[in-house]
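What Swiss-Prot says about this protein:
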type	residues	note
BINDING	His83, His182	heme b b562 binding site
BINDING	His97, His196	heme b b566 binding site
BINDING	His201	ubiquinone binding site
TRANSMEM	33-53	transmembrane segment
TRANSMEM	77-98	transmembrane segment
TRANSMEM	113-133	transmembrane segment
TRANSMEM	178-198	transmembrane segment
TRANSMEM	226-246	transmembrane segment
TRANSMEM	288-308	transmembrane segment
TRANSMEM	320-340	transmembrane segment
TRANSMEM	347-367	transmembrane segment
Amino acid sequence: MTNIRKTHPLLKIVNNAFIDLPAPSNISSWWNFGSLLGICLILQILTGLFLAMHYTADTTTAFSSVTHICRDVNYGWIIRYMHANGASMFFICLFMHVGRGLYYGSYTYMETWNIGVILLFATMATAFMGYVLPWGQMSFWGATVITNLLSAIPYIGTNLVEWIWGGFSVDKATLTRFFAFHFIFPFIIAALAMVHLLFLHETGSNNPTGISSDADKIPFHPYYTIKDILGALLLILVLMTLVLFSPDLLGDPDNYTPANPLNTPPHIKPEWYFLFAYAILRSIPNKLGGVLALVLSILILVLMPLLHTSKQRSMMFRPISQCLFWILVADLLTLTWIGGQPVEHPYIIIGQLASIMYFLLILVLMPMASTIENNLLKW
């Protein structure tokens, strides 16, 4: 008799996705981040659910309710910090996952890649709205500054911003709708992740060489289930170390001051995982230009399959491209650092140079390097 996991309508789906899935035999630890992102999402939904049980989305009580969670709710402090630092872990995994895709040419799976870019945007939107909820100083002013960027859109900008705010400034209406959206978005992300996986399983996974691995496949279970469990344990170890030893390491001290519309903090900045984009935004003196650069800094990922000029898929055997890739990583780290610095000399010029370098690397230098490498193959 055939095993129930192969015949039952629901178990069959699970079986084909996580048990009998043919996987390349040579995928490295860089392929662990997909499952880690799934774990992060589940963790965020669960901790978020318990936080929502005690949180009140009202300008007068939001800050107090978060304090109440940390002081009075049983293990509320650990739930709150797991949620806040879980977001940081989520973005670390996201950046690693995207970086892996860029390095090994995974973007040639167009549908999977484009759903992934949509997932990245959705996650960034969710994290931004979540940051507003504690209603501290940085929550309020971050929400004001970032939503205000939409006013740069010609003709409809101002109306659009006031429509999002639900009034003439960030207020009660803004907070309640942000809470509603912050609650629903993770479920949309989960649905999109399933579509992401569906498209991936149409083609099968890529591998470090970028060459078809059809001739050498192994079952997902037990090989990669064990490997994913190891990854998950390391993720939880890092997360819990952060939560239990320095929970506020990645946060902003300003967010421990209740929101005050009459007092602007000296340096308004978003969470660390948005700083690279924030630096690109600030490096352009024009408001609309800055907003466009901000959106393009992420949207440029959609162009990756079109910018792929190499005859090889992966960068594994392309030393010049490898060099440029790591320069791009260094550039993004520089932008992240600049995003957290005040707008003054020499940070302004460093930010502008790093922003130019970012677009130059992706749009010009990397495609050029690929073409040079193609010609080197003839020698």
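Cβ coordinates are placed from backbone N, Cα and C, and glycine is handled just like the others.
Location within the structure of each feature annotated in Swiss-Prot.
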residue: His83; record: heme b b562 binding site; contacts (Cβ under 8 Å, 6+ apart): Gln44, Thr47, Gly48, Leu51
residue: His97; record: heme b b566 binding site; contacts (Cβ under 8 Å, 6+ apart): Phe33, Gly34, Leu37, Gly116
residue: His182; record: heme b b562 binding site; contacts (Cβ under 8 Å, 6+ apart): Gly48, Thr126, Met129, Gly130, Leu133
residue: His196; record: heme b b566 binding site; contacts (Cβ under 8 Å, 6+ apart): Thr112, Ile115, Gly116, Leu119
residue: His201; record: ubiquinone binding site; contacts (Cβ under 8 Å, 6+ apart): Asn16, Ala17, Leu21
Contact call for the transmembrane segment (288-308) against the transmembrane segment (113-133), three or more Cβ pairs under 8 Å: yes
Please indicate, using numbers and ranges, the residues of the same chain that are 6 or more beyond the transmembrane segment (320-340) and have a C-beta under 8 Å from a C-beta there. 99, 102-103, 269-270, 272, 274-280, 282, 310, 347, 350-351, 354-355, 357-358, 361-362, 365-366, 369-370, 372-373
Closest-packing stretch to the transmembrane segment (77-98), where packing means Cβ pairs under 8 Å, from 33-53, 113-133, 226-246: 33-53
